[in-house]
Amino acid sequence: MAARTPLSTVSSFEGVLAADGTASLQRDGLNSNGGTETPELYSQDSTVSSEESVHGELHGLVPESATESESAVLRSHHSQNSKDPDDDTDFKKHISQRGKSLTVRLQKTDKAGHYQLTAEDPELRDLLKQGFERSKDGGIKKKRSRFSDLVFTRQFTAFDRQNSESASSPFHGFFSLFWMGVSLLLIRISADNWRTYGSIFGGNEIVHLMLSRDIVVMGLTDGVMCASTVFCLFLQKMIQHGYLTWNGSGWIVQNTWQLVFLVAYLAFPVYRNWPWTHSVFITLHCITMLMKQHSYAFYNGHLSELYKRRRILEQKLEALDDPEVISPTNHSPSSDVAYVTSYLDTKDLDQLSRRRKSIPEKKMQEVDHDISSIADAIASDAPLDFAQVRSLRKLISFEIQSITEELKGKTSTTQNHYPRNLTLRDFYSYIPLPTVVYELEYPRQPSINWSYVAEKTVATFGVIGVMIVVSQYAIYPVVAHVVHKQEEGMPLKDRLKEIPWVFSDLLFPFFMEYILSWYVIWECVLNVLAELTLFADRGFYSDWWNSSSWDQFARDWNRPVHNFLLRHVYHSSIATFNLSRSSATLLTFLLSACVHELVMAVIFQKVRGYLLMAQMSQLPLVVLSRTRFLKGRDILGNMMFWFGLFVGPSLLCTLYLLL
């Protein structure tokens, strides 16, 4: 049996520098949706014999093998707070009580030169694990929040007249040319409708379909749907007050609610037998509200766990008295970073000298000195001295500070810090914002420009009017003809023969409808909402028309949804399921494709999977765009992109109609 090494320190936590059993580390990790990962082992269980142990108990009681001088040191330390330093009973009772809160062990493993420092307290296990991971990575990067992947800034959309860059663009004339062409086309269609039907709107079947039934019921349903999202706030308030925990049952309740919400508002239009116009509106708005709720709940759920963790660490910090130097020869100055880690390798301790950038320069020499002393202690089978153990207190303080910064987020006032943000006012100010990603605070404009609101509102209804006229003139007759033939029992052979003709008839009008529908939503409607809510970040899209690959198009044409998928699907799948980037990309594309297929099922009342397969086929095209054949050939890539965008909508509609 190896002799016990001298006991070097007593603090207000219990520490056992020994390896007499099995040791493991667990971490309750947070994912990118704000939830938690299943606790998992981050180091293999290591059973070490007592002959290989590094003994030296800081267990509150003096070890049997402690020397008289060591006992005297402990009693001297205790006598500062004791009326009778010679009273062994009071001394042992005092140390034992102070040692119940925290336990730390330094263990030798079966690998030469490796030691394992563990803590029985789960919070300390997590803390030590994080400290080592940061030091192993070089320690130079500041701890990153799980929800710091997005930054909202003041900006305008590309076609907005308030965008100075757009107004001064050399291609600004093409924008004017486009709308002039649309106006002339509208005049031509109106004249033809007047000659044929006696009305500029033609047969007007689409408008009649939109307004004939349940228009008021649809509006009330939409209002109830938006109001019912407040369930998320009530759930977060219950979590805040301790009735539930997010990592426990909170996230389960939230996901259950989201499922009920989705099914209910998808089933109601079917129950009412609404026309496709009503059903598509409610479906799209339901999906939007679902994303908003998910982001709100998982971000605040993440903050609730941080808030709870900070309280626990503050309690542990209060339980720690400032440790005093036991021996001047063993003292190492304390620093802003703790150097006890969950797994120390004397060969890798040089990495620990590369600490965070947040450490002041004047502290670096102290950092290096403490790291060196820990390495020497491990190499010589000596216990850590008092100043080194004291660094645990510094680690807790640093973690509390880091959590406080994350609870603060990017807010400029304390009123928006968690949990002060859990109010009805904050929640219902978030719901109408033109974003589906929740933040504690967004960039705002000082006032509403009502002339701008009027301009965009007129543009919204004007573009919708153009879309109705084009649909009534060029799309509705083709669709009505196909539906009539199918009702008469058109065989499959005849339907296959009709595909090229229907496709060609729908090619240009469907492409025009696709462009106009994008413009009316991302340029008109979202800008109206942004102005009314003083929302200053209007980067709703980027220059997707210059895309040379489909992944670039997916990022740029719909920035709000892209940001949601990036945070709550892509990053979440990597953090939760340890997926690779390619697998996370595949999952993100699949989820997006399923949602788009759901919309097509609502429109055509059948599931075929054509759009799903079309979207998933973009992944091989993305890989192709990165090959030597297409890499660097942006013009060729852009032409391939536009060809797919031109023929895709009409081809998909033809397939859903005929097959």
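Going from the start of the chain as shown, residues are counted 1 onward.
Cβ coordinates come from backbone N, Cα and C, glycine included.
These come from TrEMBL:
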ACT_SITE  H596  active site
COMPBIAS  24-51  compositional bias 'Polar residues'
REGION    24-102  region 'Disordered'
TRANSMEM  458-479  transmembrane segment
TRANSMEM  499-521  transmembrane segment
TRANSMEM  584-604  transmembrane segment
TRANSMEM  639-658  transmembrane segment
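Residues near H596 (active site) in space but far in sequence (CB under 8 A, at least 6 apart, same chain), listed by position: L611, L612, Q615. Counting only same-chain residues 6+ beyond the ends of the transmembrane segment (639-658), those with a CB under 8 A from a CB of the stretch are 479, 482-483, 486, 495-496, 498-499, 502-503, 506-507, 510-511, 513-514, 547-550, 553, 600, 603-604, 606, 608, 610-611, 614, 621.
Remote same-chain partners of the transmembrane segment (499-521), defined as residues 6 or more beyond its termini with a Cβ less than 8 Å from a stretch Cβ, comprise 159, 459-460, 463-464, 466-467, 470-471, 473-475, 478, 482, 557, 645-647, 649-651, 653-655, 657-658.
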